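J.: A single structure is presented below for examination.
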């Protein structure tokens, strides 16, 4: 119990609520609503059109080049037999190419990923089907199509959909019965096409078309039969769509890679076998490979050009088709262009023929004897083509296509109308394909989807590119019921500033505003809670040793109130204060109904630092909370008189969840429970969270995903870090994501899957207390990286999403930056070495990590270990460039500063080390700047940039520039590249030495604050004056104790009744305590009576209601909406003792109930409640009348800054409810009465001091006892650990020193031996292209270093290109389905709890 003096003292800790004279507020950046950007909409439409054009273009080129190569290899071609055989060989390679790509892809997956071997029966069935498809494809493309003309070849490919149509009819696959007309029409159209094909060739023979063979009937029959065989290629699509067979075929998904590995080889062997069988034994003339050496250059150029063009365009068409589906542009960018491939190819070919054929010199008019043909200009044209056979000026492709067209009915002497049958044949085949693939036009694709879920087969068929794409789309993909997910936002705080707290709270309120309505199905829908864990949240009072919250917690509460006011223009509605075994908890209800929990940790009760806070919330949210909501405990009501959330069920009482999210958690699996790890200064937007959620929702093996972290701040150190972070994310993290897994998902913004954290050897091992030196380095100095190492070793994948942006404060001071990296550097090395040490076992468990990736990481670790030596040699080169000294002397000079600095780090204190490091950093920066310009000057002097240094500098500049341009939102960061360049010696040499030598220092090093020390030092000091004069230095200090002693002496001298007054005060205090105890007893008895009959109570403004009564109260609001007069609130008033820190915190929140604040909050609450009801006039009238009611009730009774008592609040609520009822009745808006009354109640509700439930209290006690007890190691143990840390430091420094010294010494020896003995001579070219007489001389080690570094950068650059493409796809898909903000109907969104 506080005395009046103490209460008044602590009421002035910090002013959270606005006074009447201070109505101004601070609007944080980003508080405005996030809207769809117009530029993104334009970009999405542009990309859809662009991808559609690329699909259509690549498909047309692929189809056209294939038809051209078939025409060139035809026996009716005008080419020589050798040329035709060469073209046929290339045609066979085109058929084989997709199978070869499938083989390579499956070989990679089976070698470096996991696979399941199918049983022999399944393997045999698949092999038979693949052999039949390979036979049909090879016979049709290599044997039959060369016998036909180019137009027939274009049209006949549409018949490969015949089996798909039959299966759709047989299995009744269309969703609606009337849709069966599509496959029926398709089958009829295809059969009509084949009939027209046969009739067309009959007319050609009867019309004596030039060079028509009577064997054409046989080839027509073979074409129909082989089309049926080829249509087996997509048999699985139709069977997968059947519900009866779908489950059986789904078992093949895990073994597809293994099956395709062998079936692709089988198809290649069959294709090659048919090629050699026909053209080596049957065809005449037979193939002769010896004649290929005599092929003319023009034939070689045409053939190879068509082959590579067709192979590239086929692969590009397939890839762009996949992109079109993934960016949600199925109709515009996939179905429409692919369906138009056939007509577009025909139109392009005819356009080229009509425009270019006139340029062919076919000769004069031909004279016919004995008969006169019809007028047909094609007769003379076709007859004269043979004369151009040997012409070198005629285009080979145009000549052969024209000759092929002349084999159609256009070259008829009798009539032209038979050509219409060929046209009708093509029209039927095209319509048949469109009708068969009708389902493609209505296909819906999730935001991100695996390619294997979109297409049945792995790749495409190059000979039937458009048909394979359409038929390969899964006809009926399994419906994925997107399970609602719960996200726990968990931020850890320690000594954050006001502005940093403002960022994280603004982000949380943005997410609250963005949250989707859980009653509406939306792929963005999720539920979330915000949890903030504040380390070292309490401080003792200097006088009484009582525990109060420290200034950082005061700032945090102030920020919450300020941000709430910014987003809603009113005060927080419902605030709860709870004492816990670890300290305390503050609970806020956010504007949209989500919860914000602030956990205040007392370092005397629970372990401090970030890792233990993470263990704290993981066990609480995943362990206890995840279990309790799915397994409600049976608790007897008699033992819990203060529990308002106990509902009787057949004589038993069950614990209800606290809030709505807990009740939903019952039905949400651990796989869809996510934890978003945050720092106390992270700034993010809702879109960043959604993009990370997408990765975990769609890919079950992803255990964690991180976003793009942007450092914020000002100054040279921040500029350096901006480019460092950019390069690290642009190249290193993308390479890790593409080739394996991301090794570190930073704790400032990362999303973790609950089931991954709960997996064996992850969370349990994460609780390990450090006892050895290596554990202090690996576990405590970089907890985020260690957690990711545990996930990777357990088999989970960690990913990086470049579009998920988050911003965090970076160290702005040199000392803080070095201390941060002093923790990160050794921890990074320790965790990477741990992963490499267990590389073999990790590769077996983790399907995303291969031995090649392990070798890649070994290479990067070796490069980082050799970093100091490499930078030293770079500095030596700078000395050589700038001062023109010899190579050996420059190496000696460059080695001296690192060695001296290493000795300084061993012998001096940390502050002196950092001072020397800062001075050396500046000197090195000047040297690197001079070296930069010296290199440029040397290139100008040598008149060439083709030197190792010049090539390296220019190539790195171009590479980073291109990389920056590929990140258009971040390309401005390239400006900081020069700062990064001149700071390389500081960042990779001095910092490495400082980190290694100070490895034994395991303190945090950052965010150290003197605020508490200063307050503790000056607490109670009334006067502190210093007087310095000559040699005199006098300090005069008057403390609170001195003042109190003086006052007591004066009081004793003046008043003789002091003892009586003190005795009276003690008696009053004793009487107050007895009254409080009696009240507690009465409260317990009252609650027992309340348990029997809850309808006898009505006090909605109870101060001490239990937290669990929230859901019950909201249910009452909905149930009583029809009859608001019967609205009763359950009174769970409980009395329990408070600790010292509770009273001042509660009193600060009570300021919302002052006359001035209450009136303003009521006005804003009414406006906020009726914001989406289109009742502006009613709202204004309510605001005016209720304000008048407040003035009438309180104007003459309380002052503007006075806090209303409970009785005054109750009277005011009755008056406001009555006034609101009259207004709504007058306006005939009775349906809004419950809503308005709820708004009035929220305005008048007081902050609640609540008691933690007994079961949760037991949980925290057990958790703290088992894992989180404050660490109080004995002095002997600390000394032993310190010795081990120094020993570990010495070993690491020795290893680094020896390896780097060997590298430097080897370079020094090579330099000392002489450049003429051991050098690599490189030809030197001048700018005019001439060869210089003096070659360039390069040391082997330098060249090896440059080449290895260049290879590493090229690999990372290629990975970045791949990652950028798929990031763009994800962004476009997200922007296409981005959720707009919608105002929420408050009453309809209240949770309903049904009790059976």
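For all residues, glycine too, the Cβ spot is worked out from N, Cα and C.
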J.: If TrEMBL is the reference, give me the range from 45-66, 375-396, 397-418 marked as transmembrane segment.
T.: 45-66
J.: Could you tell me which of the ranges 11-34, 299-322 is annotated in TrEMBL as transmembrane segment?
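T.: Per TrEMBL, the stretch marked transmembrane segment is 299-322.
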J.: Do you know which of 198-216, 217-235 TrEMBL annotates as transmembrane segment?
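T.: That would be 217-235, per the transmembrane segment entry in TrEMBL.
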J.: For the region 'Disordered' entry in TrEMBL, name the matching range from 1001-1057, 1058-1114, 1115-1171, 1172-1228.
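T.: Checked against TrEMBL: region 'Disordered' maps to 1058-1114.
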J.: Which one of these stretches, 124-144, 150-171, 258-279, 419-441, 949-967, has the most C-beta pairs shorter than 8 Å to the transmembrane segment (178-197)?
T.: 419-441
J.: Against the transmembrane segment (299-322), which of these stretches has the most C-beta pairs under 8 Å: 45-66, 150-171, 881-904, 916-937, 973-997?
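T.: By Cβ pairs under 8 Å, 45-66 leads among 45-66, 150-171, 881-904, 916-937, 973-997.
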J.: Where among 45-66, 258-279, 881-904, 949-967 do we find the most Cβ pairs under 8 Å to the transmembrane segment (124-144)?
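T.: Comparing 45-66, 258-279, 881-904, 949-967: 258-279 has the most Cβ pairs near the transmembrane segment (124-144).
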J.: Counting only CB pairs under 8 A, let me know which of 45-66, 881-904, 916-937, 949-967, 973-997 has the most with the transmembrane segment (1340-1362).
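T.: Most contacts with the transmembrane segment (1340-1362): 949-967.
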J.: Find the member of 45-66, 881-904, 949-967, 973-997 that has more C-beta pairs under 8 Å to the transmembrane segment (916-937) than any other listed stretch.
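T.: Out of the listed stretches, 973-997 contacts the transmembrane segment (916-937) most.
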J.: Can you work out which residues elsewhere in the same chain, 6+ from the ends of the transmembrane segment (881-904), have a Cβ less than 8 Å from its Cβ atoms?
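T.: Contacts of the transmembrane segment (881-904) (Cβ under 8 Å, skipping residues fewer than 6 from its ends): 868, 872-873, 875, 912-913, 916-917, 920, 927, 930-931, 934-935, 938, 989-990, 993, 997, 1293, 1297, 1304, 1307-1308, 1311-1312.
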